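As recorded in TrEMBL:
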DOMAIN    25-366  domain 'Orn/DAP/Arg decarboxylase 2 C-terminal'
DOMAIN    32-276  domain 'Orn/DAP/Arg decarboxylase 2 N-terminal'
MOD_RES   LYS55  N6-(pyridoxal phosphate)lysine
BINDING   GLY234, GLU269, PRO270, GLY271, ARG272, TYR368  pyridoxal 5'-phosphate binding site
BINDING   ARG272, ARG308, TYR312, GLU340, TYR368  substrate binding site
ACT_SITE  CYS339  active site, proton donor
Amino acid sequence: MDATTGTVDGVALVALAAREGTPLYVYSAPAIRGRVRALRDALAGLDAGIRYAVKANGNGAILQLLAAEGAGADIVSGGELQRALRAGIAAADIVFSGVGKTDVEIDAALAAGIGRFNVESRAELDAIQRIAAARGCTAVASVRINPDVDALTHAKISTGKAENKFGVPTDEARAWFDGAAQWPNLRLDGLHMHIGSQLLSLQPVREALQRMAAFWRELEAAGHAIASIDVGGGLGVRYRDGEVAPDAAEYAAAIREALAGFGGRILVEPGRWLVAEAGLLLTRVVLEKQGRARRFLVLDAGMNDLLRPSLYEAWHDIVRVGGDVGRERVAYDVVGPVCETGDTFARQRDMPRCDAGDLVAILGAGAYGASMASTYNSRPLAAEVLVEDGRYALIRKRQDFDAMIADERPANEWKSA
Ligand code: LLP
């Protein structure tokens, strides 16, 4: 966003808010395209594929945009499978991750013909074997290794430590490869890892990659052909002015170095890096309130729309649309209307003074914003728009009240279970 002009890709946010209302998610198509192309370029020369982590932002229009740039999908549920397929992503370009895949989800993924399962437990191997045998097909799978490294990120989004629920130790993985014959409908020929999200240092990635590379060499030496290494996602972004995030080239260099000599296919599963900085949450100031100890700026967006600050104490830059010029500076607690103290976007944030009715943009909201939204406090889901070249497309209409309660029923029909 250009804060001084209040525009995104030539679309004036004031006009956009007047037409579509607030809170409103605004995504820049060129910014997303720019990221996916930068990553593709950085990986050029490697036999590598991008598997976008749908959880970051699963809006169908975003998936289509990424699919048009050649990205596949990393999914974690049957719902994400359907989203990816409907967006036109080839089943062969879909990988299925997650610790708790149900039989129904595994069956749907096999029916669709997805490219690969990232397996995290023996029980899951058994389930895939049973379901693939019933279908008379062969599933392709990678083992998710838990490399036991500290990703140096927020505890709630760290996934590669021994105490986390994700992946398995190499000892267990080795036993699976050695005993693979017991799963005849499964081709176990890949390795996977994902150590955490919002990684601002590549050091943990390098360490984990080295551990995985050592294990791949060991498996090859033992006669197990490894066709695919999936390095997961996790690449961090700049949420705060001045923060430095790794770039695609550095990331790709780390992969190249660690996996030098690997002849199979390399997969990457970025979510946040592709979409976070391409999106903002446009919201209107409801009122200003001087509390006894704090000055509050109350917005019409709440934790139900953007949960990250409440859940992870995450920082998002917040700017007044229309700029700061000639306005006194105020330390605001920027909050939403939801009935919880946790409904806070920022504490003691230095901002230009804002008036009721002003528009404010919460930046870095393209990833894990709309995808984590809820209707808590009976607040309908926000609308989403994609902008490009001075125009916008409504890619999710604002939920109306009837849609919000459409699946509820009065208790007037009682059944015995
Ligand atoms: N692959 C796997 C197996 C994952 O679990 C994840 C994210 C990704 C890829 C994509 O990670 P990314 O590139 O987006 O960091 N809601 C949290 C983030 C949770 C990430 C969960 N897994 C947040 O708002 O920070």
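Residue numbering: from 1, along the chain as shown.
Yeah, the Cβs are placed from backbone N, Cα and C, and that goes for glycine too.
Predicted automatically and left uncurated, TrEMBL annotations should be read as such.
Taking the binding-site residues GLU269, GLU340 in turn and counting surrounding C-beta atoms within 10 angstroms, the largest count is reached at GLU269. Remark: ARG272 (pyridoxal 5'-phosphate binding site) has ALA53, ALA56, SER197, GLN198, GLY233, LEU235, GLY236, VAL237, ALA367, TYR368 as non-local neighbours, by Cβ distance under 8 Å and separation of at least 6 in sequence. DSSP assigns GLU340 (substrate binding site) to coil in the three-state reduction, outside any helix or strand.
Here the binding-site residues are GLY234, GLY271; the one with the fewest Cβ atoms within 10 Å of its Cβ is GLY271. Candidate recorded positions: LYS55, GLY234, GLU269, PRO270, GLY271. Nearest to GLU340 (substrate binding site) by Cα distance: LYS55. It is TYR312, among the binding-site residues TYR312, TYR368, whose Cβ has the fewest other Cβ atoms within 10 Å in the structure shown. Within 10 Å of its Cβ, the residue among the binding-site residues PRO270, ARG308 with the fewest other Cβ atoms is ARG308. Residues ARG272, ARG308, TYR312, GLU340, TYR368 are the ones the record ties to substrate, and the longest Cα gap between any two of them is 27 Å. The two recorded residues, ARG308 (substrate binding site) and GLU269 (pyridoxal 5'-phosphate binding site), show a Cα separation of 21 Å.
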